[in-house]
Each structure stands twice: as C-alpha cells, then as structure tokens.
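Below: one structure, written as structure tokens.
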Amino acid sequence: MDSCNCIEPQWPPDDLLMKYQYISDFFIALAYFSIPLELIYFVKKSAVFPYRWVLVQFGAFIVLCGATHLINLWTFTMHTRTVAMVMTTAKVFTAVVSCATALMLVHIIPDLLSVKTRELFLKNKAAELDREMGLIRTQEETGRHVRMLTHEIRSTLDRHTILKTTLVELGRTLALEECALWMPTRTGLELQLSYTLRQQNPVGYTVPIHLPVINQVFSSSHAVKISPNCPVARIRPAGKYMPGEVVAVRVPLLHLSNFQINDWPELSTKRYALMVLMLPSDSARQWHVHELELVEVVADQVAVALSHAAILEESMRARDLLMEQNVALDLARREAETAIRARNDFLAVMNHEMRTPMHAIIALSSLLQETELTPEQRLMVETILKSSNLLSTLINDVLDLSRLEDGSLQLDLGTFNLFAVFREVLNLIKPIASVKKLHVSLNLAPDLPEYAIGDEKRLMQTILNVVGNAVKFSKEGSISITAIVAKSELLRDSRTPEFFPVPSDNHFYLRVQVKDSGVGISPQDIPKLFTKFAQTQSTATRNSGGSGLGLAICKRFVNLMEGHIWIESDGLGKGCTAIFMVKLGIPERLNEPKLPFMPKVPTNHGPTAFPGLKVLVMDENGVSRMVTKGLLVHLGCDVTMVSSSEECLHVVSHEHKVVFMDVCVPGMDGYEVAIRINEKFTKRHERPIIVALTGNTDKVTKENCMRVGMDGVILKPVSLDKMRSVLTELLEHRVLFEAI
C-alpha cells in the first residue's frame, strides 16, 4: 500500500517536541540557579531570619535539580510520542512555574526584608528596653549617691568634715578599696597626703607638685586614669597583689589671699587638691563611664563646699578680728573720752584758777599805770600789762582749741552789725599799728550787707587774729583789709579744690582779704601755718613770738562757719595775703533784739568816772575782792565788799545800783543768791543790776546766769578800762553778757 487515506492526529512533529523540551530544560535550569542566588541575597540582608541552615540546604537542593535539567540538554533520547508529549507538557509547566517563582521572589524579597518576625522583634525590643532601664537605674543610682553625698558635705561648713565625709561616701558608693586626698602645702610646691579612707593616721608624706602625672590631672577637668605605680597612687602598703585601676581628679581650691569683707574672693586656677580613687585589687573590675562622671560631679561639689567653708572661715576670722578691733576701739574711745573729760576738767579748773591771779595782775597794773610814774617805771608797767594780756589771750586760745577739738564749742548765732565789727577791728588794731608806723586801710564793698546772721564774737576773733598776724610780722609799709560778697566765680577757686560752697537765697559768703607788706612766708612753710603750736623757721617769725595757736584756731572757726581759709605769699620778704570765706545768713528783720557784745578792749566813749555809784562786791577770794574794789574805787564808786552769800543777802539794799558776784562760792552759790535778790526786790527799778564776775568760761555758766535772772556776765581778768566800759554799758542798757 503505497498510499493511505487515514487521518493523522494533529500533534507537533518530533523534532519540534525535542526543541520544546530543550528550551524548557534550559529555562528550568536557569530558574533553579537564580533562586539560590536570590535566597543568598535575602539571608545576607536579613538580620532576623532564624533558620539560615535550612535555606542553605534548600538552595543546594534547587541547585542540584537545576543541574539535572541542565544535564538533560545533552542526554535527549527518542521516546514514544505519548511519553514525549507528557515530558514536554511537564517540562513546559515546570519551566513556567519555575520562572514565575523566580520572578516573584525578585519582587517580594525587598518586602520580606522589611518584615521582621514578631517574636524576634519583641525580643530585640525587650533587650533594648532592658539595657535602657539598666542605664536609667544606673543613672538614678548615681544621681541618688551624688545627692546623698552632696547633702552630707553641704550639711557642714567644717573643711575637715567635708573632706572626710567625701572619702567615706565615695568609698561606700563605688566600693573602693582606697581613696585619698592630696592637699597643696603652704609653699604650693608640693602635695601632701592629708586624708585617706582606710588608714586612720595618714602618713603625711609629700610629692613634688610638678610631676608629669599631676600636671596631666591638673590640666584636665575630667577624671583621668593613672598608673597604680605612680607616686600619688601608692596609698596602700606594699604587698603581693594585683592593684586595681586608679583614677585621679582635681579639686579646685579657693585662693583667699586678697579676701575682703565687702568683696568676693578670687578663685585661683592654679591651686588644686588631688583626689585619688582605687578599685579593689585582684579583680577584673574596670571603671565605667557613669562612675567617672560620678567622681567628676563629686569633685565639683567638694570644690563648692570647700569654697563655702573657706569663705566662712575667712569671714569668721575677719569677724573675730573686727570684734577685737571694735573692742580695742571701744576701749580707746572710752579712754579718749576719759582723757577728754579729765583734760576739760583740768582746763576748766586751771582756767578759773589762772584767771583769778591774772585779774589781780592786770587790774593792779592798770591801776598802777594811772599813778605818777617815771618813764622807766611806766615801761615796766606796760610790759607787765602786755605780758599779762598775752597770757590771758593764750589761756583763751587754749580753751577755745580744746572746745573745738572735742566738739563742745558751738556757734552763738544772732543778728549783728557787720560794718560795726570791721570798724571795731580797725579801732583795736590802729593803736598797735601806729606804734610800728603801719598804715591800715579798710575797704568794704558797696553791696556788702550791713547786718548779717552769725557768731559775731568768733568772726571778730578770726578777723583780729588774721589782722593781728599781719601787724605782728610787718615792720613797715601798709596793711589793707578788704571785705566783699563772694560772687559765684570766686566761690570755686582752683587753689581750694576741697572747698564746695553751696549758694542759696537766704545766705551769702563773706570774703575777707588781709594783705600786708611784711616778711612773707616761704612756700614750704605755708602748709604748717594752720597746725597748732607750729611756727615757721624764719628768724623774723621767731623773733615776733606767739604761741602758734592763732591761725589753727582761725581755721577751726572758719570751718565751723562752713568756710575756708588759705595763705598766699611769693616768698620771704615779699609780703603775705590771708584770705578766708565764711557763710553768713541774711536777716529777715533788722530790728531783732541783740544782747550788747563786750569788746576785748574798751572804746573811749562814756564817762571816765562814776562818783557816788553804790556797788556791792561778793567774792570769796580776798585778793580778787580787794582788786575789784580798787578798780571801782578808782572810778569813783562807793564799794561794799562781802565774802559770803548770806552776808550778801543781808547787806544788799535798794541803794546798791550794781552787784558784782562770783558764782562759785561755798554754801549758797551765786545763782541762788541772784534768785533771792530778785525775790527780795519785786520792782525792777528798785532791784540792783546783778552781774556775774567769774573766771568760768563754759557756756553753761552763761546759760545758768541768764536762767536765774542775772543781768550780765563779765569774765576775769578785768582791767581799769574794761571796768569803765562795763559800768557804762550796764548803766545805759542794764544788761551786758560778755561772749564766752
């Protein structure tokens, strides 16, 4: 049968099937080989996959399977059509599934890498949380120990307690084998072992402060690990053991060399103590970071506590020193007050006792001067009077200076005639100047007020002293006195920078200038002029005499009147200019009553005698009583003398016009006598004028006299001219209080 008409099934030809199998095997092998590579990549990138060995086994299995299919590419044999169809179908299906799996793995591996196993994730989180909690617990424990230690060392301000407590608490907290503190010596060149934890008695040996290990620690603000064999770490007795790790930290110390009460102390960066801490020997324990931080914090807290303790110690020393100084000052003050009281009492007694004989000398000399004398005798009497007046002036100056220095002298303010003061000074100075043929001129500014408020006596005393000095040290020429109201441009003088006047509407500054053509003053002597008992070294000055108190008292008077005084001179032989400014008030009314002021030297006005004037003199001292009677008798008075208060009250009558009495008498004093006389004579025109004739110059005497109703106070000594002026003023004004 050459031909067959049967219908053949529609199968692919054999060679085509073989080709399909060949291609399928190739792709199956490619897929098998790619899957292990992807699994290896997954395992490498995944940090949480627990069963890596399974993946390795699975990868090996797949590689072997792929190798089988790869081998089939070279071992194709002819099979039946049915078998070939089955194998072809299976291989095609396997190739499709393998390729799909390989492609799917490529897509899902990144997603698998981002997904962690829940249990492993929780386990890792739990481990991390445990570590964090452990760190927090460690930090809390460290903080608690720091707070406890800080509280312990801050609870005291004793330096030794602070340091010992620090070592004990650090040793307990960190379980240290040894802990020590090295303190700098006084020289600052060595460190001395001062405190240890275990040893009861520190050995106290020293090491040089410039060792490299010490410099290393001092140069760092952190705890530094040091060798256990270095000098500062040898704080245990030698033994056969492996020393533990050692750290050292610096402790800043407060430097108090320039400590002052009102200033903060200076913290020196070059002064440190050294704290050394050692872990237990023969142990593998090491220092942890939190332990080192604890040591550093404690070192800072110790530095703060030590600074507070140092400040307290220094303040206590300063307080003790201040208390000692206060006690010494209080003792010195009491001694000074006692000395001042003793001096004042002495001066008061001596003043009174000296004025009584001076009263006799001056009074009798003035009486003797009125008699017929030979020129030689008159010269002797005038010399006695001059010397007596000089001694009287010296007594007044010493008393004034004493009051000025202890502050008991106060200004007696009142309204007075300023022009009259200058005229009085001129009248007092001209007779003395005329003897030396000196021309004295007075120039008062047109705008100078006629009346002012101030201490008339102290102002006149100042002007008289300054002008008197000009007369004393001038042999020829002239003396000019100029008084003006100081203008604002003259108030502040570059030569007087310490003088700060304050202008106002109710007062003015009086500027007085006294210029002479005398011997002058060398510039180096000018500062000495206002020192008490000081005199310049020029021959002319020494020959002129003087106590050296005049200008010293003037300066103090001027200071009391809120002014300033200074001297100008171009040198010896070129004259001198004295200038002072004082503060005076401007009176609101010019008719204020003013007690008559008693000048030092009487004027020539009034009667020269008082014939028939009945005067009663009461004085315990017989010499003084007789001298006063001699003055009054010479002036024509009818004098009755008594020596006691009782006798005075018995004798006094309305016929007596004036009663001179000493207030210091035994028994009933002069104040009580004055009260009794005022009670005895109720009508004023019948009552005699009561005047205290006393040697007491204290202000209390004047106040007491005015309080009991006396009409005046006259200070001993009294000359004939002064007694004449006193009687004239009393009979004219019925009142006369000599300034004290």
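Each residue, glycine too, has its Cβ placed from N, Cα and C.
Copied from TrEMBL, the annotated features are:
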- C65, H69: Cu cation binding site (BINDING)
- N469, A470, V471, K472, D516, K532, S547, L551: ADP binding site (BINDING)
- K716: ubiquitin cross-link (CROSSLNK)
For A470 (ADP binding site), list the number of other Cβ atoms lying within 10 Å of its Cβ atom.
-> 26
Could you state the whole-number distance in Å separating the C-alpha atoms of A470 (ADP binding site) and K716 (ubiquitin cross-link)?
-> 28
Just counting, how many other CB atoms are there within 10 A of the CB of K716 (ubiquitin cross-link)?
-> 26
Inter-residue C-alpha distance, L551 (ADP binding site) and K716 (ubiquitin cross-link) (nearest angstrom) = 24
The residue listed as 'ubiquitin cross-link' sits from K472 (ADP binding site) (Cα to Cα, rounded, in Å) at a distance of 26
Report, in whole Å, the straight Cα-to-Cα distance of N469 (ADP binding site) from K716 (ubiquitin cross-link).
-> 25
Neighbour-count leader, CB within 10 A, binding-site residues: C65, V471, L551 | L551
C-beta crowding around N469 (ADP binding site), within 10 angstroms | 22
Given the binding-site residues K472, D516, which one's Cβ is surrounded by the fewest other Cβ atoms within 10 Å?
-> K472
